[in-house]
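One structure is given here, and the rest of the page talks about it.
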Amino acid sequence: MTAISDGFAAAQLSIIGLILLASGWNKEVADGLKARHGAAALAMLVTLAFLWVPLGGRMIGNGAALALVAFAAWTLLRAISASDRLYLLGCAFLLGFLLIWLDSLFLASPQLVLVRSGWDSAWIGGMLAAVLSLRARYQLVILAGAAILVSLYPLLDASGPGPIVVGDAAWWDRLALSAAACRVSTLTIGALARPLARLLAARDRQPEGEM
């Protein structure tokens, strides 16, 4: 069986996302993002992917990854209410540490890996992000923050191999899979919540004598 190249999953999911945006699934995919805006953002990220920025002696960052993190930080400060910022930062740290633990678990017990090392934890993280928040912009902050925390974790090992790369192809695969799992889980939660809400509302309207 031929191994899947790093970056393939991210590219495929990006194309699928653009197709869905162009097909009118804007609300479901990205909470109302227009197709042309999504295409422009993707084109900018692809262009910046060729840029690498040294981040100290042991780390190098991809331009596209740094741009995404900067946009997530801008979203946190400008597009999210102050009362929710601390909650989102806490969610990002919680999810990041959980992903670090899952990566360690799958590394120590490879028999637990279902698809590919790194991908399973990405899917799980994406589903948990949907549980933490159903809003796309909130999920962006949570997933980007968690991804950066996972990337910075190797810095704690002073004797580890270097340099540490933030934003390589495998990094984008994990982030894309997390985002896809997050949005699918969001739609699933919404689909399950609507009939449950109608059922509870019907019971509330029912007279006590008929219950």
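Cβ atoms here come from the backbone N, Cα and C positions, even for glycine.
Annotations in TrEMBL come from automatic prediction, not curation.
Within the chain, the transmembrane segment (6-25) has long-range Cβ neighbours (under 8 A, six or more residues past its boundaries) at 33-35, 38-39, 42, 119, 168-170, 172-173, 175-177, 179-180. Positions annotated as transmembrane segment by TrEMBL: 6-25 (among others).
According to TrEMBL, the transmembrane segment annotation covers 37-53 (among others).
Look at TrEMBL and you will find 59-77 (among others) tagged as transmembrane segment. Non-local neighbours of the transmembrane segment (59-77) in the same chain are 44-53, 85, 88-89, 137, 140-141, 144-145, 148, 155, 162-168, 171-172; each lies 6+ residues outside the stretch with a CB under 8 Å from one of its CB atoms.
The transmembrane segment annotation in TrEMBL covers 86-107 (among others).
Sequence annotations record features per position, and here TrEMBL assigns transmembrane segment to 113-131 (among others). Long-range contacts of the transmembrane segment (113-131) within its own chain (CB-CB distance under 8 A, at least 6 residues past either end) are made by residues 4, 9, 91, 95, 98-99, 102-103, 106-107, 139, 142-143, 146, 170, 173-175, 177-183, 185-186, 189.
Beyond the transmembrane segment (138-156), the same-chain residues lying 6 or more positions past its ends with a Cβ under 8 Å from any Cβ of the stretch are 58-59, 68-69, 71-72, 75-76, 80, 84, 88-89, 91-93, 95-97, 99-100, 103, 125-126, 129-130, 132, 164, 166, 171, 174-175, 178-179, 182-183, 186. Taken from TrEMBL, the feature transmembrane segment applies to 138-156 (among others).
Among residues of the same chain six or more beyond the transmembrane segment (176-197), those with a C-beta under 8 A of the stretch's C-beta atoms are 9-10, 13-14, 17, 28-30, 119, 122-127, 129-131, 134, 136, 139, 143, 146-147. Among the features that TrEMBL reports, transmembrane segment is placed at 176-197 (among others).
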